[in-house]
Structures are given as structure tokens and as C-alpha cells.
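Chemist: For reference, the structure I am asking about is given below.
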């Protein structure tokens, strides 16, 4: 085989080109899929000797033809291969001239004669988008969804004289998600994996390893092609059947019904998993029950009483509208264009004219699709407008919803003016009458400024730890949801208003958000109490109060982030100036724990936003609700779409995807050390993203005999029992000097007996429930281990006998350095006390530092010299002297050793979300 020099150079480092067998291929087909298969086959070193595709349409070549022509590959564009049942001689001769060893048909709409199919040495292989023998025929993907199949996939098979009946070479499958459409299934799996499989199949043939597995007749089905005339909805079926029919026809040919005498097509169907919202009835011919036009879309009902939601409607003239606007679709007034807007309209008219090259004049009545445009042209139109109109962001659906030029210009102008933004954010709430108020709780993913269901419709229950009941079901973010959220954050940073906003205006938004949080502090604190078990009075002061303070503090930093000038050696006789700039990183990910759901959000996101970044935040799976309420407030504060995205779900799915995502430039994490290590590894392997980790702790608190004992008892209890012990800096081990040890323990037990354990919404409650059942069970096991190892259980150690996840405040003494209790964090209301000899300062310091953790620490003594000596020697990110838990928004917070690195709070936190650029100029 002869290779051009450029080919050899291009593949020099890719040994697979030289050490694998390669074939001469004829590619027969069309479309972007065909183009990608063609390109990948070339990269693998195969030689495409000819491309056989469809003729140009309206002067535009198919993507496969364009790619091949650009490479100099022979391209043949035949309108047909046969005439009156016989192969056209000229076509056959042209095909034979290329000398192919294998025909590859990635996507082909033409009938290819069998003499062509069988002509090459290795025959022909075809891609088919179903798991053959199921769904033979041209509408295979549609029928996969229409029939409610749980598995979808594709087959690469050897062509024979039957209809999709040839032997199987390979197959790949995937799960069908509840709300998959033809497009989502194709884009997620059939397109990308299909390309890989076609290339793999060709290589298997080249290596002589390709199987030929006969198709079984058992389970074989053949369905006809779906066209508009046979896509009408049949209403006598369950909601799931209606949903499958609609999504199986989305976008082509489109499932439809007759409404008010005209054909209306449904798009964007999803099954309703919550209660049916209120709306205005809409009669639909043939439907047993009227639909409901709601603020979220059109609700349709199956014969089983269950419901589905349709997002968009399309009328006979091609115009598409949000289904929620059905009764107001014709009420929009025409806007008068300014001189500047007229210039934009002329620019867009030129773009339309280029795309619709066969349309002599573009007029207001010119319809984009009726003038010959296809779905590919929609993408081109959106991209050309973005490039030519100052980065104006349109969506593909904007074109479908305004197909005539005049309507399209009106939509563009409204977008430029901000008039097409929703007047009121659409939020589905779960409402609770609790704590003397009506609490409204969002429960969906918050992506790109909208509350939306998870793409696959999955939800999970979030539980009230006070009584173990379900508060509501929350959207469970999938990988696709994470990707959408990251894309929104990336776009908002690179192309949106946020990236162009003045720093002072950014600060103004953050101040406004802090004010809204303060105005809604009672509701936020109530949600925090319901979802995390936080005592309401503590939630008001700390969980919510410090969150408000954090946003105000960092709002003030927005316009004070600055670089410096640096004197360097001059390039004499010229001069140099060197300065640094601090710049945001881009789209950041934040993963927070469950102990302070809103405060942990604030600690990280406020600094991230002040630095100018955008973010995707994953709250803890068990405590997502205050984060979602916070998302609602960000919209009310005026934050642009995509700046803040909240995705509830699991760490194993959503969290892992964020740590691996190539478009995330920084990840801030608070959680366990073991998970932190995995995150750091994923961040390094993916794209070496910047990381800050606030991890586990076993914070020592040393209490000397010369302390203020009353204060030491009070604050020592707070160091352990504050927030039910679910506190990252909780004193994990108390070292009490021998002279006061017994009295200290006695006083602590006396004070514990005064504590009221109960409903966190009761204003007199001191100690609420543990966050969730699994954590409570872990704490009980922790206590059991302590007893088994010989520690003395002085008080508690049991679950409180009442509904919910309540645990008694617990005290252990006699804890030796080798014991499990001395080494491992409980993260609960368990005081672990060890005695140390009188006057043995260095000895107790050695014991206190004998841990891999280094988050916080404390010392109580009246001797300032002793206090300062101890603070110097303690290996921890924070040292408290004669106090504990005294954090402040202006004081940097973070650990060392295996408690992590990086800082929250204070000016230092900003540096976690900034990069420094050095600029040197000569003059």
C-alpha cells in the first residue's frame, strides 16, 4: 500500500496504523453519522477508495460528501442505483472502478443492488439502530420507544438479500431511560457508540476475526416506516403508552392530535411523577379527558388516570410554541425596531439568504423550513447568528418556534431586549404547613436558571430525621443532567452576561442575594430543621445566619481582587513592566456535606462567585432542600442563567462525574478523607483540575488544670455536642489534666442531664436527631466498639426510645491511645476523654499530634505563655484558645495533613478560585 508523506507523518506515533491489517473501503450512505464513520476509518489507517452518496439538495452537499471532497476522496452522487429492477450500467462501472474490498453502509436511504452488495471480497456491512432481529425496518428507533422496550441498541450485520435479515457481526445495547426520545437516545448512545462499533467491525473483518451469527427468527419483528399520516395519537391507552407514542415520534414525524379543528403535534413528553398541577382545560378530539394547559406545559391523561406532560406544541403552519402558552400564543404585540436592531435584522437576513440559497428574496413571510431548510441548517443558523451578532445566544427551539423570518426577527429582538425572559420563574413546590408557616420547597434539579426534572425522570425520597417520614421526592440527577449543568455553567462563564459583568455589579447581586436570604431566614431555617434535624434556633443563628454573613463578606471582595506590579531586570536600553492579574478559573464544581447544608454551600460558593466563576453544586444526597430553596432565591436576586446550578443526587454518580468532567476547572469538596482521596485522583487523571479539600478531623482539645473550669466544661460540651456532634471541627478527643479530670467528668454529666432532647422545631430543644438513619447506626456501632476495647462508658451510648434518629449525648473516659475511639472520628455527640499527667505539656502535645488529621484543636488555660506554646506546637489548621467553635467569615478555615488543604472563608478563600497571570511588556 502506498502512503503519502503527510499520512505517514500524521500517524507516525500511532503504531496501530502500521501493525494492523487495513482495507480498501467503499462508503455508501450519507449524513453526519456517515461523515464521522468515514473520518474515523481514515484515522485508523483504512483507505476509503470511494464515497457513494446522494446528490446535492438545493445546491448543498451532504456532510459525508463534503468531508470526502475536502480530502480528495473520489465522490459519486447517484440519485438511484437501479432502473426497472436492473442495476444502471454507468453506476455499476463507476462502483467497480474503485476496487473496494468491503462496502460499509453506515446510514443509507437508497436501495443498493445485490450485485454491488456482494461484489467486494468481504461483502458489505450495514449499521441498523435496533437489536436485531427486533425492529427490522426503517423506523427502528421509533419503534424501540413506541413499544416501551427497556433496552435499545444497534446491530452491525452482513448484508444479504433480505430486509435487515443478514448475519450479525456485532451488537451493542443500552438502557432506555423513562423520558428518552429518538434524539436523546441517538445522541447519547446510538450515534457515538455506533461510530466506534462501525470502525471496530471493519477492523475485525480486516483481521479475519469478524463473526457471522445467523439471526434467530424467534423475537423477530418488522414494523413499517412511521409517517405523519399514521402518527395520530390513540387515546385509549395508559399514560405510559401515550408517552411512549409521543416520544417515539419526537422529532420526526411527530405524534399529533386534532385540537380546535387543526393538527397539533406534541414534543417533549415526560411522565408526571408528582401531583397534577392546576391549569386551564383543553378539549382534544378523541381524548377521554380534557388536557390541562399549566404553567409547565400541557398535561395529558391516559385511560389509567395517570398523566404525562408535553413541553412544546407545533401547529400546521410549522410554528412551534411552549405548550404553556397555548391560550396566549396570539397575544404578543409587534415590537418596533430601533436603528441598531434594524442593522441586526439585516445581518440575520443575509444569513438566511446564504442558507436558503434557492429563495430569491427573504421576506417577513419566508418560512425557514418550507423554503428548504433542514435540521442541520438550524444548527448553522444559530451558530452564524452567534458569530455575527455579538455572541447572541439562541437555542435550536427558537428557530422551530418562529419559522417565518418576520416572527424570527421579533423573537431575536425580544431576546436582545430581555423581554422574552419569563416574567415569573416556574417552580413546582412541595408545600408544608409547619413551624407556624407555609414552607414551599423546590424539589427538582436547578439547571441554567430553570427547575427541571432529571432527564431520566428518576427521583428519591428525602427523609425527616425527627420522625423518619418522607418530606418529598427529589430529582435524582443523572450523568446527562450533570453534563447539562456543566455546559450551562461553562456557557454562562464564556458567553453569558456574568463573564462580562463589572466586578462591582457582581458584588451588588451577591448583596441582594444575602438580603433575600435574610428576608427568608425563618423559612430556610425551618427547611434546614426538617431536612437535616438542625435545632431551629441554632439553624437561625448559625446555619442561616452565618450563610448570610458569608455572602455579604465576599460581596465586598468582588471589586477588590487585584494583582501587583513587579520590578524586574530591564532589557536595557528599553524598559520593562511586569504585572500580575488575578482571573477566575471558569466553571467550578462544589460538593458539600450534610451537616450544615446551607452554610457549607455559602462558605464555598460565595468565594467562588466573588472571584467571577460559575458553578455546579451537588448538595449531600440526604440534605438537598435548602440548596434548592437557595437556587430559587438566586433567580429572584437577578443572577443570570447558568451561573449557579444545583444537582441533587448521589456522590457515586453526580459527584464522580463532576470530578472527572473535562470542562470543570476547579472542585471544592467537604466530606470524608476516603472520598476526598478518590476525588483528588479523579481530578488529577481527568484534566488536572484545581482542588481544595476539607476532610475528616480528630481535633484534640487540651484542658489544663489551671483553666477556668466552669468555662472549660461549658465550651468543652459545645466543642463536642454542638449541632448534635455533626461538626467537622468537633473536639474528637479531650485531654484533661489529671488534677481536674474527675471533677470535669462529673460536671459534664450533670450538664448533659439538663439537656432537652426533642423536636428541633421546639424552641426549648437543645439536642435534635442525628442527620440520617445510617449515621445513627454507625454511631451506635462506634460506641459498641469503644466498650469492647475497654473504654469506660460513663453516660449515654444508646438510641433514644422515640420515633426518629435520636441518640443520647455520650461520654467515654479511660480512652487509651491505641483504641479505635482515640483514632477515628465519630462525627456525633460522643465525648472521648483521655487523662494526662499533671504538668506533662510536651507529652500531651505528642499524643494530641499523633493523628493523621489536622483540622482544628483547642486549649484551655489561664497561662498565656503555656497557651501560646501549645498553639505553636499543635498541628492543626485552626487553634482555639479558651474558646471553641469560634469561626468567622473573615478568618481562613482549613486543615492540614489528611484533613485536606485549601481554605474556606477570609481573603485566602478567594485564591482557591483564582488563577494568577503574569504579563511582561517592553517599551
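Using the three backbone atoms N, Cα and C, a Cβ is placed for every residue, glycine included.
This is the feature table in Swiss-Prot:
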| type | residues | note |
| --- | --- | --- |
| REGION | 23-331 | region 'Hydrolase domain' |
| MOD_RES | 31 | phosphoserine |
| BINDING | 110, 111, 112, 164 | (6R)-10-formyltetrahydrofolate binding site |
| ACT_SITE | 128 | active site, proton donor |
| SITE | 164 | site 'Essential for catalytic activity' |
| DOMAIN | 339-416 | domain 'Carrier' |
| REGION | 438-923 | region 'Aldehyde dehydrogenase domain' |
| BINDING | 592-594, 618-621, 651-656, 671-672, 694-695, 778, 825-827 | NADP(+) binding site |
| MOD_RES | 650 | phosphoserine |
| ACT_SITE | 694 | active site, proton acceptor |
| ACT_SITE | 728 | active site, proton donor |
| MOD_RES | 903 | N6-acetyllysine |
Chemist: Check the DSSP secondary structure of residue 825 (NADP(+) binding site), expressed as helix, strand or coil.
Modeler: coil
Chemist: For (6R)-10-formyltetrahydrofolate, what surrounds 110, 111, 112, 164 with a Cβ no more than 8 Å from their Cβ centroid?
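Modeler: Sorted by sequence, the hits are 105, 108, 109.
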Chemist: Which residue, out of the binding-site residues 164, 694, 825, shows the minimum number of other Cβ atoms inside 10 Å of its Cβ in this structure?
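Modeler: Fewest other Cβ atoms within 10 Å, among the binding-site residues 164, 694, 825, is found for 164.
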Chemist: So which recorded positions out of 164, 618, 621, 656, 728 end up within 10 angstroms of residue 650 (phosphoserine), measuring C-alpha to C-alpha?
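Modeler: Qualifying among 164, 618, 621, 656, 728: 618, 621, 656.
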Chemist: Calculate the distance in Å between the alpha carbons (Cα) of residue 128 (active site, proton donor) and residue 694 (NADP(+) binding site), and round it to a whole number.
Modeler: 50
Chemist: Below 8 Å Cβ to Cβ and six or more residues apart, same chain only. Which residues does that give for residue 728 (active site, proton donor)?
Modeler: 593, 595, 670, 694, 696, 697, 855, 856
Chemist: Can you tell me the CA-to-CA distance separating residue 112 ((6R)-10-formyltetrahydrofolate binding site) and residue 31 (phosphoserine), as a whole number of Å?
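Modeler: If we compare the Cα positions of residue 112 ((6R)-10-formyltetrahydrofolate binding site) and residue 31 (phosphoserine), the gap is 17 Å.
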Chemist: Same-chain residues six or more away whose CB lies under 8 A from the CB of residue 31 (phosphoserine)?
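Modeler: Listed in sequence order: 62, 63, 64, 106, 107.
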Chemist: Mind looking up the mean pLDDT for the region 'Aldehyde dehydrogenase domain' (438-923) in the predicted model?
Modeler: 97
Chemist: Secondary structure at residue 128 (active site, proton donor) (DSSP, helix/strand/coil)?
Modeler: strand
Chemist: Provide the number of Cβ atoms within 10 Å of the Cβ of residue 111 ((6R)-10-formyltetrahydrofolate binding site), excluding the reference atom itself.
Modeler: 8
Chemist: Of all the recorded positions here, 110, 621, 650, 656, which one's CB has the most other CB atoms within 10 A?
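Modeler: The residue with the most neighbouring Cβ atoms within 10 Å is 621.
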Chemist: Which of 128, 618, 903 (the recorded positions) has the most other Cβ atoms within 10 Å?
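Modeler: Top count of Cβ atoms within 10 Å goes to 618.
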Chemist: Please list residues from the chain of residue 653 (NADP(+) binding site) whose Cβ is under 8 angstroms from its Cβ, counting only those at least six apart in sequence.
Modeler: 477, 478, 479, 482
Chemist: Using the residues the record lists for (6R)-10-formyltetrahydrofolate (110, 111, 112, 164), what whole-number Å value is the largest Cα to Cα distance?
Modeler: 14
Chemist: Nearest by CA distance to residue 111 ((6R)-10-formyltetrahydrofolate binding site): which of the recorded positions is it, out of 592, 618, 621, 656, 903?
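Modeler: If we rank 592, 618, 621, 656, 903 by Cα distance to residue 111 ((6R)-10-formyltetrahydrofolate binding site), first place goes to 656.
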Chemist: Give the residue from the binding-site residues 112, 592 that has the most other Cβ atoms within 10 Å of its Cβ, counting over every protein chain displayed.
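Modeler: Neighbour-count leader: 592.
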Chemist: Tally of helix, strand and coil residues over the domain 'Carrier' (339-416) according to DSSP?
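Modeler: Split by secondary structure, the domain 'Carrier' (339-416) comes out as 48 helix, 2 strand, 28 coil.
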